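Undergrad: Pasting a structure here, questions to come.
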Amino acid sequence: MSATAVHSLWTTAAEPIAKIDAPKIEYGQLSPTLIVLGAAVVGILVEAFVPRKSRYYAQLFVSVVALCAAFAAVVALAAKGYGTTRAGIAAMGAIAVDGPALFLQGTILLSALVGLFTFAERRLDPEVHGNRVDSFAAQGASVPGSDSEQAAVKAGFTTTEVFPLLLFAVAGMLVFPAANDLLTLFIALEVFSLPLYLLCALARRKRLMSQEAAVKYFLLGSFASAFTLFGIALLYGYAGSVSYGTIAQVVDGTVKSVDPALADTMGNDALLLIGAALLVMGLLFKVGAVPFHMWTPDVYQGAPTPVTGFMAAATKVAAFGALLRVLYVILPGLRWDWRPVMWGVAIVTMLGGAIVAITQTDIKRLLAYSSIAHAGFILAGVIATTPDGVSSVLFYLAAYSFVTIGAFAVVTLVRDAGGEATHLSKWAGLGRRSPLVAAVFAVFLLAFAGIPLTSGFAGKFAVFKAAAEGGAAPLVVVGVISSAIAAFFYIRVIVLMFFSEPRPDGPTVAVPSPLTMTAIGVGVAVTLVLGVAPQYFLDLAGQAGVFVR
């Protein structure tokens with residue numbers, strides 16, 4: 001090396017290094033997510049170091065405390081004005097802390113807390129070798145029917161790993177509707193999806209069906225994630241940024257150049273339209289909208305029922321929150337392009353879910369198709385593209401989540417020798433055998449049907465009113481027709497329970513612990529309160545219905 005080259009190296013090295021600023025993280029504004037993530041890590045340590053006999057109570061304690069603390073943090077942020085006047089962007093632009101984010105995070109945390117009680121139920125199955133057992137496999141890693149599984153059952157093992165898995169899923173769900181850039185959105189999607197894939201495979205009974213459901217969910221979910229990631233790549237090529245606000249500015253034409261390296265692709269409308277379509281497809285998969293719904297019936301039927309209830313409620317809340325933010329923050333300038341498409345999706349989702357549900361003979365599959373129809377009803381509020389549309393969707397999601405968890409909690413109580421008696425024929429005469437359980441389930445079914453004085457009526461009225469005022473009156477007509485069709489199969493189940501003779505070999509109704517009783521009681525209370533006196537909560541959703549940009 002020449003002396004000149006050596007001198008060049010020395011002089012280059014001697015030049016002052018540019019100052020690197022430390023990242024600015026607003027930990028207080030991120031506290032709900034951080035609390036849940038920290039508790040999930042503690043749950044893993046509990047699995048590693050706490051004796052097996054004590055893990056159940058330790059995990060339950062950690063999970064309940066974490067979810068309550070996280071909800072308290074959400075309330076504290078809202079009280080300080082982060083949902084209204086102090087709304088802003090945190091974590092260097094990655095997370096939005098605004099009204100919709102806090103409202104949805106609170107809904108997810110309360111749904112998770114109620115769902116956690118059904119996870120922890122240990123009195124429904126008969127004792128196994130003197131040990132109380134729950135709805136989950138004795139040993140998740142064992143092959144169904146193998147010697148290792150039999151040994152785990154005989155030893156009375158329980159899969160307490162479901163508690164940290166639940167917390168990891170909740171943490172991802174908290175970030176998903178609050179994500180303010182596309183990479184954060186995708187990471188949150190994977191963080192809450194992967195634990196759900198595992199939870200779906202852990203049913204104590206019918207393990208092969210449970211594992212089949214998990215594989216279907218994983219494969220189809222992987223395809224949806226691939227579509228989402230490809231859409232993110234195309235949108236980055238279009239805008240030169242993954243930030244929601246920057247992409248929106250490029251769409252509106254207020255920003256012409258963000259990344260010189262992408263000068264040849266920036267502003268290419270083909271990238272925008274295809275990327276937006278792929279991204280929205282991935283989100284519609286998560287909400288269970290037609291034609292991206294094929295996973296829903298099989299997964300709802302095969303997964304452990306506590307997981308089904310939690311997934312049907314919390315996942316829908318998180319996914320609709322993310323869909324709202326993408327459409328209202330990134331793509332408001334394209335509303336005339338995406339609204340006709342969403343019209344079609346909403347119509348086929350409402351009608352398809354309601355019509356196919358009529359043919360179902362399994363209660364869990366019936367509720368699965370019911371959830372598909374409800375996704376269509378919620379899409380009517382999304383299509384309104386007005387502040388009232390956002391607030392109506394927020395209210396509907398809050399009401400729907402508690403009804404859903406309560407309904408699936410009731411399903412866990414009706415049992416026969418093979419476990420849960422989910423075939424509709426076995427529910428005949430349930431009102432005579434157990435009037436209270438049948439009456440509670442009837443309340444949830446009436447709420448699903450949208451009968452007055454239930455939360456379902458208030459939610460449907462809110463979204464249909466917003467849709468009509470937003471210029472989607474024909475969609476409201478389709479929604480009313482779909483609701484009438486859905487009311488048929490809900491009332492059919494009620495008639496079956498109260499006006500049919502009970503079968504001699506009919507199922508029994510298990511006596512649950514206070515945990516499941518609390519979950520069902522909260523579901524009934526919320527259903528009636530939001531139905532009888534919804535105005536305060538509608539106003540709360542209205543105050544929380546403004547996105548920060």
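Positions of Cβ are set from backbone N, Cα and C atoms, glycine also.
Bear in mind that TrEMBL entries carry predicted annotations, made automatically and left uncurated.
Annotated domain 'NADH:quinone oxidoreductase/Mrp antiporter transmembrane' per TrEMBL: 179-485, in sequence order. Sequence annotations record features per position, and here TrEMBL assigns transmembrane segment to 30-50, 57-79, 99-120, 162-179, 185-203, 270-295, 307-328, 340-359, 393-414, 435-455, 475-499, 511-533 (among others).
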Undergrad: Between 57-79, 270-295, 475-499, who has the most Cβ pairs under 8 Å to the transmembrane segment (162-179)?
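TA: Comparing 57-79, 270-295, 475-499 against the transmembrane segment (162-179), the winner is 57-79.
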Undergrad: Run the contact check on the transmembrane segment (475-499) against the transmembrane segment (511-533): 3 or more C-beta pairs under 8 Å, excluding pairs closer than 6 in sequence.
TA: no
Undergrad: Per the definition of 3+ C-beta pairs under 8 A with sequence separation of 6 or more, do the transmembrane segment (340-359) and the transmembrane segment (270-295) touch?
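TA: Counting Cβ pairs under 8 Å, at least 3, so yes.
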Undergrad: Among the recorded stretches 270-295, 307-328, 435-455, 511-533, which has the greatest number of Cβ pairs closer than 8 Å to the transmembrane segment (393-414)?
TA: 511-533
Undergrad: Given the transmembrane segment (307-328), which of the listed stretches 30-50, 57-79, 99-120, 435-455, 511-533 has the most Cβ pairs that are under 8 Å apart from it?
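TA: By the under-8 Å Cβ criterion, the transmembrane segment (307-328) pairs most with 99-120.
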Undergrad: Return yes if the transmembrane segment (511-533) and the transmembrane segment (99-120) have at least 3 CB pairs under 8 Å (sequence gap of 6 or more), otherwise no.
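TA: The answer is yes, given that the two segments have at least 3 Cβ pairs within the 8 Å cut-off.
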Undergrad: Within the same chain, where does the transmembrane segment (435-455) have neighbours whose Cβ lies under 8 angstroms from its own Cβ atoms, ignoring anything closer than 6 residues to its ends? I mean 6 or more beyond.
TA: 370, 374, 399-400, 402-403, 406-407, 410, 413-414, 483, 486-487, 490-491, 493-494, 497-498, 509, 520, 523-524, 526-532, 534
